[in-house]
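Chemist: Okay, here's the structure, questions in a sec.
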């Protein structure tokens with residue numbers, strides 16, 4: 001029996017329609033869900049009623065919860081005839097239901113019942129699901145209530161309407177409603193919503209064929225070695241040719257974007273009745289799994305006769321060098337490991353398993369001695385089978401291709417396994433420091449010069465020092481900080497008194513647990529709070545649990561968790577997620593993104609082993625809040641990963657990032673950083689729906705010495721859309737959530753908050769096992785993209801010039817037409833010009849039809865490949881070495897004073913040129929202002945005479961005639977042109993500007 005219930009808290013309504021003829025309404029709310037119906041009390045003569053009543057619905061089948069709908073009807077109750085009139089409704093689908101800990105109050109605009117209905121206003125609801133057997137469902141409405149109809153149909157009743165409404169009221173208190181200690185609830189997975197919170201690695205069995213590789217005829221002018229290469233590999237679903245999969249003669253797999261690799265899996269579960277050692281009587285057993293030259297070792301247990309390991313070993317098919325598998329149980333010894341027993345398996349007799357088959361059941365095997373006799377040597381439980389990356393045991397297994405030597409321990413394999421990580425849910429914390437009262441300082445003879453420091457974890461902000469009026473201080477300053485769930489740090493206010501230069505004295509502290517802070521999803525006002533200022537941190541943590549009659553200084557603040565924003569932890573121009581923090585505001589997904597990480601080739605050696613350059617590489621992919629990490633392939637410059645992962649897509653204007661790194665845990669000290677090898681960005685909106693993109697991407701990294709190709713990464717990508725109409729509709733919606741436009745953040749706030757968000761995400765992911773280190777998160781999130789770079793500045797300037805190159809080309813073409821370089825073209829332009837002047841209604845249709853034809857023409861030359869790193873666009877192929885050294889310099893700088901002085905002088909030269917251009921633009925605009933300002937009386941008089949004469953001419957002359965004359969004047973033959981500037985240009989250049997007023 002399920003205990004799952006849907007909780008609905010009816011909070012309030014706002015700005016409802018008046019229905020009683022006196023400008024008011026007697027309102028109540030009726031809730032419908034899963035065949036159940038509840039009703040609130042009636043609020044008389046109130047257009048902004050407040051209920052704060054909670055109801056609980058039974059969920060008959062949790063598997064269909066997402067298909068159910070909650071409907072809330074707002075009615076006006078008419079006492080005179082016991083009827084009701086419709087005021088509006090709210091309809092919520094099951095996909096928007098969230099656990100109680102994630103629920104916030106949302107104000108929904110009321111909808112019409114029919115096309116002719118007149119409604120207005122909003123209804124505030126808090127909807128959540130809860131799985132708690134102690135909570136009972138609300139009492140259903142009486143059967144007689146079904147006779148109540150809209151209009152004049154009356155209900156037979158002897159009791160007053162208000163008493164009936166009060167008797168129908170049901171109000172339940174949630175258990176453990178202390179916000180500081182939120183209760184956790186288990187919510188079942190909805191059957192019709194696929195879960196994509198796991199990474200899968202799956203293949204089809206087929207011999208690997210050589211890949212066809214050909215250069216893509218892209219328009220990039222960068223070197224061919226830095227260009228994208230399209231491939232045609234054999235994947236699990238068949239051969240990929242031109243983005244289409246040619247199916248093989250066998251059933252396809254769900255995970256068909258990677259090549260198949262066959263693995264021999266050995267699961268060592270446990271042992272029993274192992275023999276005792278002769279002298280000590282104790283045994284420290286462990287198991288060796290040997291296949292040819294490869295050996296996997298379990299962890300060992302001290303003095304245990306019945307150990308349990310439950311460890312899996314995976315030997316790649318390429319590493320199978322023997323026809324027998326040997327499993328040996330040994331006793332750990334300081335000098336030499338003692339033999340306990342062994343098992344041997346013929347590889348030809350091992351069964352095959354293909355998911356979705358159930359896991360192979362392990363069996364007990366009696367151990368043999370060195371002579372092959374099965375005596376009292378104990379038993380070992382294990383399972384052996386052939387499988388592929390689709391096997392659920394693959395991610396947590398020890399892999400034979402993950403170690404530099406042929407021997408490896410499963411205890412160390414935790415650092416090299418493939419894993420899926422999830423970023424913590426981030427919140428913006430809005431803090432408004434209003435005022436403080438009754439501040440007490442050590443020096444009684446003066447008033448405090450007070451300010452407030454705000455802390456959350458490593459974040460710190462402070463108000464401006466304000467001289468107190470008496471013992472009270474008023475700041476009224478607002479700040480934004482970042483916090484991550486689960487909340488581990490409290491919000492701390494430290495009130496300081498500036499007693500002198502660089503000398504501050506602490507007045508007291510206030511601690512507010514973030515779990516107790518109100519959450520909101522819109523711009524609704526939040527109630528402020530008065531907090532007692534305590535002298536010590538321990539007293540501040542205890543809060544109001546101390547003595548109630550004790551005198552306290554107090555701090556007035558307003559704090560809330562703003563869930564209507566998307567917390568930016570990436571640059572906005574290639575963000576991978578744009579959803580708000582509050583899950584109730586999330587829209588349904590529009591598609592699925594599948595990524596197959598196939599292999600890497602030609603990697604640059606990152607370390608030396610046995611006098612030979614090598615690398616121990618793994619890949620990290622990030623999209624949304626989900627990070628994936630492949631297993632580490634050791635001692636290989638051409639590693640094969642063949643792992644597939646899946647993400648839900650909520651917005652096509654997002655970017656997938658894939659990076660390649662060298663694992664410092666292998667062949668290096670644990671304190672070393674994982675070195676970056678390169679990364680790839682792929683924008684989802686550039687992918688065609690349903691097409692499989694198989695390309696080899698160059699891994700380009702910018703070093704102090706210049707751009708360097710570190711190798712290539714081979715990826716297979718497919719974006720599948722669930723609804724074409726929903727995806728098209730996305731393009732009409734704002735990119736960021738509503739709160740970014742209602743209460744926008746400044747550019748400086750965004751940069752600071754993004755830096756804090758990246759720091760928090762890096763700290764949380766570094767605590768996972770295996771950890772995603774800080775340098776990986778910073779590199780994948782481009783944490784330093786906001787820092788100054790002369791190379792990036794030049795690249796942006798040339799990008800701007802490239803955008804305007806089309807307009808400049810049109811300008812040059814028009815100049816050639818005016819100069820009659822090609823008389824036939826000029827004559828045709830004259831004819832077109834006359835036609836458009838005579839028929840001005842054709843101008844806009846002609847322009848849009850011309851753009852439509854250009855779009856149709858360019859369809860033949862559309863890009864057939866995803867965008868990739870371009871050295872020419874990045875201005876990385878012609879950058880000066882000193883500019884690169886400046887870009888890689890730390891902040892603040894660590895270079896010598898002479899180098900910094902030279903760079904400063906260079907920056908002054910560039911800034912001087914920009915200053916000159918800005919000054920010239922300002923001068924031209926000031927001359928326009930000077931036309932009628934009488935700054936130059938003669939020039940203004942001339943312009944006034946011109947305006948008067950122009951008004952008369954324009955009045956008596958048809959506009960089309962003037963347009964034709966002006967056009968013919970501009971298109972006149974060069975014989976009628978002069979080399980000297982014209983009168984209007986000479987007049988304009990003589991107008992005064994404010995340059996002579998500048999110092």
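Heads up, the Cβ atoms here are built off N, Cα and C, so glycines get one too.
Heads up, TrEMBL stuff is auto-annotated, nobody curated it.
Since the structure is predicted, the reported quantities are computational estimates derived from the model, not experimental observations.
Okay, so TrEMBL annotates it like this:
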COMPBIAS  175-185  compositional bias 'Low complexity'
DOMAIN    1-108  domain 'C2'
DOMAIN    245-365  domain 'C2'
DOMAIN    406-531  domain 'C2'
DOMAIN    574-697  domain 'C2'
REGION    147-185  region 'Disordered'
TRANSMEM  797-815  transmembrane segment
TRANSMEM  827-857  transmembrane segment
TRANSMEM  941-971  transmembrane segment
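Mind running through what each feature is packed against?
Modeler: For the domain 'C2' (1-108), residue counts in helix, strand and coil come to 12 helix, 57 strand, 39 coil, using DSSP.
Confidence annotation: the domain 'C2' (574-697) carries a mean pLDDT of 90 in the model.
Below 8 angstroms of C-beta separation, residues 873, 875 of the same chain, each at least six residues beyond the ends of the transmembrane segment (797-815), sit close to that stretch.
Within its own chain, the transmembrane segment (941-971) is flanked in space by residues 817-818, 826, 829-830, 833-834, 837-838, 840, 931-932, 987, which lie at least six positions past its ends and keep a Cβ under 8 Å from the stretch.
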Chemist: Quick check on the domain 'C2' (406-531): DSSP residue counts for helix, strand, coil, in that order please.
Modeler: 7 helix, 73 strand, 46 coil
Chemist: Mind checking how the domain 'C2' (245-365) divides into helix, strand and coil residues in DSSP?
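Modeler: Tallied per class, the domain 'C2' (245-365) gives 6 helix, 54 strand, 61 coil.
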